[in-house]
Amino acid sequence: MYASREDVGYDFGDDSKVGSKPIKPNPNIDGGWAWMIVLSSFLVHILIMGSQMALGILNMEWLEEFNQSRGLTAWVSSLSMGITLIVGPFIGLFISMCGCRKTAIIGGILNALGWILSAYASNVHYLFLTFGVTAGVGSGMVYLPAVVMVGQYFQKRRALAQGLSTTGTGFGAFLMTALLKYLCIEFGWRNAMFIQGAISLNLCVCGALMRPLSPKDVVSEKYAVRSNSDDNQAKALSHSAETIKSNGVLSEEPEKKDEATNEEVLDSVQPIEIGGKSRSGRSMYGLRILKTVSHLTVTVRKGFAIWYSSYFGAASLFTNRAFVAFIIWALFAYSSFVIPFIHLPEIVKQYNLSSQNNIFPLTSIIAIVHIFGKVILGIISDLPCISTWNVFLMANFTLVTCILTLPLTQTYGSLAVVCALIGFSSGYFSLMPVVTEDLVGTKHLANAYGIIICANGISALLGPPFAGWIYDITHKYDFSFYISGLLYMVGIIFLLIQPCIQKKQPREKSTEEAQV
């Protein structure tokens with residue numbers, strides 16, 4: 001972001017001697033384990049977002065198996081995609097209480113369970129519960145921690161790091177499309193979902209890699225804040241506070257004192273109870289339970305207070321007009337990207353292009369170019385003279401133009417070109433966490449990004465069924481793209497009318513030579 005000691009991750013000792021102490025770079029920021037966090041997030045995007053982008057394969061199988069309308073069947077994919085994102089604000093509560101690592105591991109188990117149970121579906125409504133809700137909630141519990149952890153570990157090249165990690169969506173869409181297609185042909189869609197559920201257990205491994213930053217690193221950043229300028233001071237303090245909150249560590253002294261008091265009381269009771277040998281074992285066991293419950297109560301109370309204040313307190317995120325405009329944009333934007341993935345196989349079949357599409361699927365073109373789009377847009381945004389906000393807007397304008405143009409193309413070559421542009425311009429997804437942080441600060445990143453992906457989830461939830469419903473009425477997908485494109489344009493207009501967003505300065509690259 002901006003050049004500051006927060007960006008470099010300096011370690012300070014006594015805050016009264018900040019100016020005289022030597023500056024030590026924090027190895028956990030922008031290096032070392034930070035790249036393992038990028039790898040973990042990359043694999044999460046492959047297994048979650050990539051597999052969701054390949055649901056067009058299963059959607060065709062469900063249409064043949066259950067013989068339901070396209071609008072009703074599309075709700076299965078939409079529920080999975082939508083709930084993954086809609087649960088974002090509530091996953092922020094889990095992160096505040098349990099930390100990113102535990103939240104992601106639990107989510108990985110839940111996601112795998114949803115896939116496996118869906119293999120035994122007897123109707124579409126059964127899939128609503130198992131695949132849409134169960135797998136969707138599990139996906140959300142892994143996805144948000146994967147994004148937040150990258151934001152915590154990177155300061156100097158956050159846009160590039162987010163770009164690299166989110167390229168997993170493109171890789172995953174390409175790989176999972178081929179994998180699910182092969183598994184459905186060889187073993188049938190039920191066994192394919194069972195196998196995919198087993199593969200999804202690797203999300204637990206990804207969650208285990210999300211090692212929280214140590215309290216020492218957090219405290220050192222907190223001390224670094226006090227000698228900085230007002231603007232950088234607020235940003236660095238936000239980073240330290242968010243790091244503590246997202247990993248379930250108590251940061252405020254009153255809470256620590258309460259916890260210490262509980263420990264002292266429990267320890268003082270211990271010698272009294274150990275007087276009789278027959279009762280000592282049970283007393284010690286009871287004391288351990290009381291101590292654990294005490295710690296858990298304090299952690300839950302602290303996490304809920306953080307979560308509640310972010311949404312409903314005096315410093316609520318909804319008092320930020322620019323952020324509210326960003327939410328409105330997110331409500332219309334994501335469906336324009338999701339609809340082609342779900343319905344392109346059907347569109348190709350309508351245009352009698354199945355033979356060409358089988359050689360190189362259009363969804364694979366979107367997925368491959370999407371990879372390059374995320375990396376290239378991330379690199380461009382990290383340049384000192386380039387504003388991330390301008391790059392974000394240009395990519396949005398390109399994507400909405402492609403969505404409105406797609407119904408006009410009916411040959412494989414023209415469709416391939418439009419799909420390639422859709423893939424590249426949709427690379428702006430890697431910039432969304434960076435733009436969100438620019439608007440609300442690092443302190444509120446987890447909760448703010450949870451709200452944004454929740455709005456995206458609503459868009460993903462309603463978009464594909466709406467397109468299927470329009471097709472059931474008109475027997476064409478043209479109007480679906482036109483209406484979604486126009487709504488997307490309305491969202492972009494809301495962004496443009498917020499002058500406080502446009503006035504943000506171009507992001508500057510941080511250097512380790514920043515002066516104290």
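Note that the numbers count up from 1, one per residue, in the order the chain is shown.
Glycine is treated like the rest: Cβ placed from N, Cα and C.
Annotated domain 'Major facilitator superfamily (MFS) profile' per TrEMBL: 37-503, in sequence order.
The transmembrane segment feature in TrEMBL is assigned to 33-55 (among others). Below 8 angstroms of C-beta separation, residues 76-77, 80-81, 84, 104, 111, 139, 142-143, 146-147, 149-150, 153-154, 161, 164-177, 179-180, 196, 199-200, 202-203, 205-207, 209-211, 341-342, 363, 367 of the same chain, each at least six residues beyond the ends of the transmembrane segment (33-55), sit close to that stretch.
Residues annotated as transmembrane segment in TrEMBL: 75-96 (among others). Outside the transmembrane segment (75-96), and at least 6 residues removed from its termini, the chain residues within Cβ reach (under 8 Å) are 48, 52, 55-56, 58-59, 62, 103, 124, 127-128, 131-133, 135-137, 139-141, 143-145, 148, 245-246, 248, 302-304, 306-307, 310-311, 334, 338, 342, 446-447, 449-465.
According to TrEMBL, the transmembrane segment annotation covers 103-121 (among others).
Positions annotated as transmembrane segment by TrEMBL: 127-148 (among others). Packing against the transmembrane segment (127-148) from elsewhere in the chain are residues 40-41, 44-45, 48-49, 52, 62, 75-76, 78-88, 91-92, 94-95, 100-101, 103-104, 106-115, 117-118, 121, 162, 165, 193, 203, 206-207, 210, 246, 433, 445-446, 449-450, 453: each is 6 or more residues past its ends and has a CB under 8 Å from a CB in it.
According to TrEMBL, the transmembrane segment annotation covers 160-180 (among others).
Annotation source TrEMBL lists transmembrane segment at 192-210 (among others). Beyond its flanks by at least six residues, the transmembrane segment (192-210) meets 36-37, 39-41, 43-44, 47-48, 51, 58, 100-105, 107-109, 111-116, 118-119, 131, 138, 142, 145-146, 149, 179-180, 183-184 of its own chain at Cβ-Cβ distances under 8 Å.
Same-chain residues lying 6 or more positions outside the transmembrane segment (322-344) and placing a CB less than 8 Å from one of its CB atoms are 53-56, 59, 74, 77-78, 81, 85, 173, 362-363, 366, 396, 399-400, 403, 406, 419, 422, 426, 435-436, 439-440, 448, 451-453, 455-460, 462-464, 466-468, 471, 477, 480-481, 484-485, 487-488, 490-492, 494-495, 497-498, 500-501. The transmembrane segment feature in TrEMBL is assigned to 322-344 (among others).
Beyond the ends of the transmembrane segment (359-377), by six or more residues, the same chain brings 50, 53-54, 56, 160, 163-164, 166-167, 169-174, 177-178, 340-341, 344-345, 348, 391, 395, 412, 415-416, 419-431 to within a C-beta distance below 8 angstroms of the stretch. As annotated by TrEMBL, transmembrane segment applies to 359-377 (among others).
Listed by sequence, the residues of this chain that lie at least six past the ends of the transmembrane segment (389-409) yet keep a Cβ under 8 A from its Cβ atoms are 333, 336-337, 340, 373, 377, 380-381, 415, 417-418, 421-422, 424-428, 431-432, 435, 438, 477-478, 481-482, 484-486, 488-489, 492, 495-496, 501-502, 504. According to TrEMBL, the transmembrane segment annotation covers 389-409 (among others).
Per TrEMBL, the feature transmembrane segment maps to 415-436 (among others). Same-chain residues lying 6+ beyond the ends of the transmembrane segment (415-436) with a Cβ under 8 Å from its Cβ atoms: 147, 150-151, 158-159, 162-163, 165-167, 169-170, 323, 326, 337, 340, 344, 348, 353, 360, 362-363, 365-370, 372-378, 381, 388-389, 391-392, 395-396, 398-399, 402-403, 405-406, 409, 445, 448-449, 452.
Feature annotation from TrEMBL assigns transmembrane segment to 448-467 (among others).
Same-chain residues lying 6 or more positions outside the transmembrane segment (479-497) and placing a CB less than 8 Å from one of its CB atoms are 325-326, 328-333, 335-336, 339, 343, 393, 396-397, 399-400, 403-404, 406-407, 463, 466-467, 470-471. Marked as transmembrane segment by TrEMBL: 479-497 (among others).
Panel annotation: around the transmembrane segment (103-121), residues 44, 48, 91, 94-95, 127, 130-131, 133-146, 190-191, 193-194, 196-198, 200-208, 210 of the same chain, lying at least six beyond its termini, place a Cβ under 8 Å from a Cβ of the stretch.
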